[in-house]
């Protein structure tokens, strides 16, 4: 008689099965909702990754988007040239054509545009001619070659090498132009998209020190963190503190994130970004500027492996794996390939976390 189930027991068992089924369904749904946090110091390429998600997963930029980026391209280009011109006096670099008064007049034309706050306007013929003469001046080129000694946008050469196209009357930004633009992220940018039957919410938060206090409320229920590091910034200092090396700042920030109690069970993906710029820079600027104990060769492979090891060494948890990728955020194919691999890791880890893998 002890083997028979009462109606009440049967109902309880059925309720239990229903609850388990519902929990499993909820778990599967939870595993499909992916919350990604993009973290990293300022100018590490986070906002470019967000733009790539728009290109790869949301059909790219509309003609309206393109129009809105026009003034940003103009401003980035002029501001870059002005940064070089101003650095020439700081670094005591003379113009190559120093005897010619015209070159100093050209510099004044460009500086006056900034003073009048007209840097978002299309280039006048006079301004375009002045910018072209300045950019080809040997002194300006020498100063550009020392850009690690002052603050200059990574996109400076990209835009200044293409002044004729940017200065044409029918100019409209290309996808690559938009990827190269730089606008400081303030606050939090949120992007939603679907991929591999998953619903992604990607959060890009400002990387400058003043912006980091805004991160905290994004921390809850994060599936994974993508931490961006600009490999090419090993010989540069911060905008906000010119006594601090940018890569050392990134290492300190990564240490804080990687070992933070909020992220004990959070997947951490490390993007060693700007590999294209790093590959060029490492040929002429020593890694010992940042890591004075480095004794390896000045080759991309050895130097990149050393940088990766420095970041991985910050991980104090034997059970936490850091998933590392070397990236070029302005290369859509590279980011598409890397994000595909990242998504597979997220799927496996998320299902495991829900007890479904």
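Keep in mind that glycine also has a Cβ here, set from the backbone N, Cα and C atoms.
Summarising the annotation, Swiss-Prot assigns GTP binding site to 40-47, 179-185, 204-208, 273-276, 329. Feature annotation from Swiss-Prot assigns Mg(2+) binding site to 47, 185; the stated evidence is similarity to another entry. Annotation comment: Swiss-Prot describes 2 as N-myristoyl glycine, evidence class sequence analysis. If you look up Swiss-Prot, you'll see 3 marked as S-palmitoyl cysteine. Residues annotated as region 'G4 motif' in Swiss-Prot, with sequence analysis given as evidence: 269-276. The region 'G5 motif' annotation in Swiss-Prot covers 327-332.
Location within the structure of each feature annotated in Swiss-Prot.
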{"residue": "40", "record": "GTP binding site", "DSSP class": "strand"}
{"residue": "47", "record": "Mg(2+) binding site", "DSSP class": "helix"}
{"residue": "179", "record": "GTP binding site", "DSSP class": "helix"}
{"residue": "185", "record": "Mg(2+) binding site", "DSSP class": "coil"}
{"residue": "205", "record": "GTP binding site", "DSSP class": "strand"}
{"residue": "273", "record": "GTP binding site", "DSSP class": "strand"}
{"residue": "329", "record": "GTP binding site", "DSSP class": "coil"}
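Taking Cβ pairs closer than 8 Å, the region 'G4 motif' (269-276) reaches residues 40, 44-45, 49, 154, 224-233, 254, 300, 304, 307-308, 311-312, 322-331, 338, 342, 345 in its own chain, all 6 or more past its ends. A 10 Å radius around the C-alpha of residue 185 (Mg(2+) binding site) takes in these binding-site residues out of 40, 179, 205, in sequence order: 205. The binding-site residues examined here are 205, 329; by Cβ neighbour count within 10 Å, the least packed of them is 205. The least crowded of the binding-site residues 44, 185, 273, judged by other CB atoms within 10 A of its own CB, is 185. It is 179 that, of the binding-site residues 179, 183, has its Cβ surrounded by the most other Cβ atoms within 10 Å. For the pair formed by residue 179 (GTP binding site) and residue 47 (Mg(2+) binding site), distance between Cα atoms is given as 9 Å, rounded to the nearest Å. Rounded to a whole number, the distance between the Cα atoms of residue 47 (Mg(2+) binding site) and residue 205 (GTP binding site) is 9 Å.
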